């Protein structure tokens with residue numbers, strides 16, 4: 001191992017610690033600060049990160065996001081679902097459907113082909129569970145609003161993947177392609193992940209937490225995370241959904257547990273810090289600067305659609321009126337899931353590939369930097385309204 005790799009790791013962890021301290025003093029989202037550090041240290045900035053370390057990004061992102069998925073699944077406790085389940089389901093569906101409809105229609109109105117507009121509308125449904133979860137954790141707020149947001153983020157990718165796969169089929173028909181392979185892939189990615197999560201989660205709920213009463217050991221937590229991530233990649237199913245299902249199963253079935261995810265909460269922090277910094281290093285600001293009218297339209301339409309969808313879902317779910325306008329704002333971050341969708345869409349429809357990839361990466365830069373700020377503002381505003 002080259003010394004520069006260890007030096008870079010130490011420097012990035014120290015810079016992450018400094019960013020965390022600044023966020024505590026200023027209230028600024030630390031996720032955004034981590035991304036700025038990555039931008040400054042990466043190829044867009046001073047190019048200080050060794051290529052070998054940058055090569056860790058793909059594997060590290062899987063591990064970090066699987067840990068986040070475990071914690072989000074833990075938010076789906078039956079008590080939380082009993083209290084907030086209707087809001088979680090209604091708001092998540094309203095935001096996903098609203099985003100698809102408003103973004104697709106809006107992009108069609110400004111001149112994009114219907115098929116391309118539908119694909120971009122489906123990609124716009126994706127959120128960033130890691131950034132959203134970290135902002136909630138940083139805020140220290142635990143109320144109905146944040147519990148509902150955690151639940152929405154946990155199942156958001158399920159709806160997003162299903163809608164994206166349906167759109168692939170519809171656009172394929174519009175373009176004269178035959179076949180329903182997109183639906184089959186979606187059924188496998190979602191259904192396979194749920195099945196794998198049950199297969200891992202059910203025995204884990206019974207076995208873990210026995211060596212130390214009520215709390216799984218760190219080695220138990222790590223083994224579950226790596227098994228879930230590795231088997232998901234091997235079977236080509238969603239590791240996010242697998243991790244979420246494992247977390248939800250354990251929190252609901254392991255009645256002997258008192259601190260189900262303590263160890264994951266403890267060990268995830270260095271993974272998450274490095275993940276966001278390396279994610280920032282991956283961002284290409286040159287792409288963001290060349291978005292043009294289509295990119296600006298996408299940003300405006302996605303922002304409006306999240307706010308409108310969140311408000312409509314909140315009205316249908318009968319949540320407190322003060323919270324309604326803020327659900328969509330809290331769910332603005334967008335990251336890796338959207339880019340994954342874009343890569344699939346570009347492969348299926350190569351004539352639009354360059355536009356899809358450029359727009360998704362460019363807008364992801366914007367939403368990944370400013371989205372966490374919006375999430376924190378939403379949490380604080382709902383707190384202020386509650387206080388009033």
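Each residue, glycine too, has its Cβ placed from N, Cα and C.
What TrEMBL says about a protein is an automatic prediction, not a curated fact.
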TrEMBL annotation (transmembrane segment) - matching range among 16-45, 226-255: 226-255
Cβ-Cβ under 8 Å with the transmembrane segment (226-255): same-chain residues at least 6 beyond its ends: 62-63, 65-74, 76-78, 129, 154-155, 157-158, 161, 188-190, 192-194, 196-198, 200-202, 204-206, 208-209, 261, 337
Most Cβ pairs under 8 Å with the transmembrane segment (326-344), selected from 56-76, 158-174, 291-314, 356-379: 356-379
Contact call for the transmembrane segment (267-285) and the transmembrane segment (356-379): at least 3 Cβ pairs under 8 Å, seq gap 6+: yes
Annotated stretches the transmembrane segment (291-314) and the transmembrane segment (88-110) touching (3 or more Cβ pairs under 8 Å): yes
